[in-house]
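*Asks:* My questions will all concern the structure given below.
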Amino acid sequence: MAAVLSPRPCDSNPATPGTQSIKDDIEENSSDGSQAPKRRRMGSGDSSRSCDTSTHELGPTYFPAENLTEYKWPPDDTGEYYMLQEQVSEYLGVTSFKRKYPEMERRDLSHKEKLYLREQNVITETQCTLGLTALRSDEVIDLMIKEYPAKHAEYSVILQERERQRITKEYNVSTLSVQMQQQNPQKVEASKVPEYIKKAAKKAAEFNSNFNRERMEERRAYFDLQTHIIQVPQGKYKILPPERTKTGPFPVALIPGQFQEYYKRYSPNELRYLPLNTALFEPPLDPELPALDSDGDSDDGDDGKEDGKKNKGSSDSSSGNTSDGDSQDSGIHSKVKSKDRPGAQGKDGTPRSIQHKSVPGYKPKVIPNAICGICQKGKEANKRGKPEALIHCSQCQNSGHPSCLDMSVDLVAKIKMYPWQCMECKTCTVCQQPHHEEEMMFCDKCDRGFHTFCVGMDSIPMGCWVCDLCSKDISTPQKKGQTKTPKKAK
């Protein structure tokens with residue numbers, strides 16, 4: 001709070017001895033050897049002049065905080081709050097405010113702004129003709145907080161009082177309007193009361209629905225001021241039945257070897273890959289990830305271990321093939337031909353899935369009203385205009401004419417003996433994986449797909465290539481070999 005000025009010496013009796021002695025001492029000390037001024041008795045006129053002199057000696061005139069005005073310009077929603085530099089400098093007691101605080105943002109008042117302040121009784125008509133300067137209100141408040149805390153405290157009290165008066169005025173106006181309504185109540189017809197109730201309920205329902213929709217769409221997350229955490233609604237999730245989440249007496253093992261009820265249940269298909277020492281299948285590849293090339297592994301493993309384990313491998317494969325050959329003919333799907341690696345060179349020891357085997361009595365898929373994917377025609381006519389039956393993929397809905405796919409009659413007959421796959425669905429017969437399409441080659445007799453590294457080849461061979469399954473069915477080379485050996489023996 002600003003200090004209240006003490007009574008000036010001129011307000012006391014001029015004839016007071018203390019005052020007169022001070023006057024005499026000043027006159028005696030001011031003499032510098034010249035003729036001393038004559039003493040005069042202080043009259044009424046002298047007291048007024050002495051009062052003005054003492055006022056200037058004590059300091060600048062007091063500017064009350066009530067006169068410090070903060071206004072908004074422009075008055076609309078886009079306006080900002082300002083203060084007049086002349087009022088601020090007079091309130092803070094700063095003579096040259098601009099030179100002392102040159103870094104503050106300031107601007108000159110426009111003519112419209114001066115007229116607005118004149119209407120608000122902030123400035124006088126004389127001040128309208130002068131050049132006035134506006135300062136940003138927030139910068140002035142920050143300056144008072146840092147360098148003039150007493151002035152800021154005094155101004156804060158005034159602001160609180162103004163806010164209290166504004167709230168009281170608004171409350172009085174609202175109370176007066178309510179009283180007027182109570183004195184003059186509206187007359188409602190009794191027959192229209194149910195209609196008004198329905199309208200009110202409808203309006204309330206619309207408000208609640210709009211409020212909930214706005215809260216879910218625009219205010220789903222909120223900032224917690226106490227924990228400084230952004231709270232987000234929890235997502236919906238499915239709840240398991242109680243019997244699935246009920247814990248037993250041994251939920252988890254606390255020491256090694258202790259029994260626990262939580263363990264993984266493997267399906268029969270998964271057990272074929274476990275345990276490692278008696279696994280029937282190789283570890284499967286993840287369809288979502290690219291398979292690793294096994295060219296180098298197959299080449300190095302075949303070259304280094306072929307000589308050392310040739311006899312043992314041949315005996316194992318021969319014994320396994322004799323038993324597995326019978327199981328293939330009988331149609332038992334749970335048996336697998338061999339445990340050899342995909343890169344091992346053994347025609348009889350390559351594991352193959354049942355979908356690539358020629359199953360006796362297999363019937364190909366029948367799709368009515370199928371259309372060829374190449375010529376976009378049905379079985380009534382192919383690209384040459386002749387009727388031709390279509391072949392269908394066993395995995396998808398693709399179909400095609402054999403002539404459009406450049407397939408021979410023998411190849412079509414072979415395809416109808418097993419679940420044939422189109423180019424988009426083609427998988428390797430050995431590893432059952434669709435990866436490494438650049439290393440995939442196809443048999444010219446049955447159109448089955450094989451990876452080069454799965455059959456022990458470095459690259460795709462040139463010319464015609466026949467897979468192991470089709471080479472078993474070809475009996476001509478075997479007869480020639482049998483006829484040659486007796487001739488040599490003779």
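From the backbone N, Cα and C atoms, a Cβ is placed for every residue, glycine too.
Dumping what Swiss-Prot says about this protein:
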type: REGION; residues: 1-61; note: region 'Disordered'
type: REGION; residues: 83-292; note: region 'SAY'
type: COMPBIAS; residues: 284-293; note: compositional bias 'Low complexity'
type: REGION; residues: 284-362; note: region 'Disordered'
type: COMPBIAS; residues: 294-305; note: compositional bias 'Acidic residues'
type: COMPBIAS; residues: 314-331; note: compositional bias 'Low complexity'
type: ZN_FING; residues: 371-428; note: zinc finger
type: ZN_FING; residues: 430-473; note: zinc finger
*Asks:* Within the zinc finger (430-473), how many residues are helix, strand or coil going by DSSP?
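*Replies:* Once the DSSP states are binned, the zinc finger (430-473) shows 9 helix, 6 strand, 29 coil.
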*Asks:* Over the span of the zinc finger (430-473), how high is the average pLDDT in this prediction?
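*Replies:* Looking only at the zinc finger (430-473), pLDDT averages out to 85.
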*Asks:* Which residue counts does DSSP give the zinc finger (371-428) for helix, strand and coil?
*Replies:* 7 helix, 5 strand, 46 coil
